[in-house]
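J.: Would you mind keeping the following structure in view while I ask a few things?
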Amino acid sequence: MSSRKKVLLKVIILGDSGVGKTSLMNQYVNKKFSASYKATIGADFLTREVLVDDRQVTMQLWDTAGQERFQSLGVAFYRGADCCVLVYDVNNAKSFEALDSWRDEFLIQASPRDPPNFPFVVLGNKIDVEESKRVISNKRAMTFCQSKGDIPYFETSAKEAINIDQAFEVIARNALAQEESEEFSGDFDDPINIHIENDRDGCAC
């Protein structure tokens with residue numbers, strides 16, 4: 001059996017500033033949490049080697065700035081993405097309401113081959129905060145995800161490391177499926193022109 005080439009999966013993490021994108025990424029890759037992260041300027045990324053269905057892949061996780069003034073940097077960072085993670089804070093209604101805009105922004109900037117089927121995953125972060133402060137219910141988030149084509153949804157806490165590995169396992173699996181479908185369809189990009197010459201001088205037998 002021939003050895004498979006190494007696979008690099010590019011995953012973009014989007015959401016408003018302060019929802020915990022950097023914390024989620026650091027908890028997943030480095031198993032660390034800090035309450036004093038500075039706002040991401042532009043974009044940053046971390047990598048982690050993971051096994052997806054017996055296949056070794058490298059996850060390249062891009063943490064992009066949530067501030068509007070950096071959204072114009074999007075094209076270069078979004079292109080070639082295999083999965084997009086949309087993050088909001090369950091205690092912040094504005095961050096949840098912004099998910100639609102982040103999703104649309106990604107699809108416009110990244111221009112995936114098959115937009116309706118591009119894999120997204122939604123994370124409702126900061127569930128460690130006391131329940132009384134929560135403003136977005138699980139039901140409301142699930143309804144949003146179902147309306148967008150049954151996007152996988154996880155409620156997470158970067159601080160308490162809740163559902164982090166489970167969420168990123170689904171992210172990795174969906175990203176790999178996307179990468180493989182892109183690879184497959186890429187084999188058929190070049191049209192084949194078949195031109196048949198009429199042999200006018202030949203006999204019509």
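Any Cβ shown, glycine's included, is placed from N, Cα and C.
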J.: Looking at the candidate ranges 37-45, 73-81, 82-90, report the one that Swiss-Prot labels motif 'Effector region'.
T.: 37-45
J.: Taking the Cβ of ILE127 (GTP binding site) as the reference point, list residues of the same chain whose Cβ is under 8 angstroms away and which are at least six residues distant in sequence.
T.: VAL90, ARG134, GLU155, THR156, SER157, ILE162
J.: If you count CB neighbours within 10 Å, which one among the binding-site residues SER17, SER23 has the smallest count?
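T.: Relative to the other binding-site residues in SER17, SER23, SER17 has the fewest Cβ atoms within 10 Å.
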